[in-house]
């Protein structure tokens, strides 16, 4: 009979122990499992504790890269946007404001250039139609052919004359050849049939 109460007492103590451990686990005071440094739970906590440092370092590197890229873009923008000489130091806000004004100015210039181009194209078309009405049908073709042939002949004669001038001017005379050229220009008689006398 004494064994039964002892068994009940052991069961009650075990139940109280389990309840106490569960309450401590709910409030975060202790863990249900024993605290062993080699357990996977401890290693998992160590990894979770080190993860914020890794995330912070990655975030810092990305932020550093973003700022460097932003500085490069601002330097390129500063070279393309005309800045006033009033202040040697320009803030990012003033640079962006001037870039916006410069873009608006370029857009206005592009619109004016397009409208002028369309106007000139329309004027050119009107002039072509007027010229076509004023001239007979075959006159323009004959005139074009004559101009092309005259230009071609004049270009050929000019090129031939230039070749002759280059050939004459490009001669470099030595001592004997210079005397021969002077004697020939003075009117002395030289015969090509006796080349031995010509080179004396």
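One-based numbering along the chain as shown.
Yeah, the Cβs are placed from backbone N, Cα and C, and that goes for glycine too.
Annotated by Swiss-Prot as region 'Disordered', the relevant range among 5-30, 31-56 is 31-56. Annotated range for region 'Disordered' in Swiss-Prot, selecting from 133-164, 165-196: 133-164. Summed and averaged per residue, pLDDT over the domain 'bHLH' (54-106) gives 84. Under DSSP, residues within the domain 'bHLH' (54-106) fall into helix, strand and coil as 42 helix, 0 strand, 11 coil.
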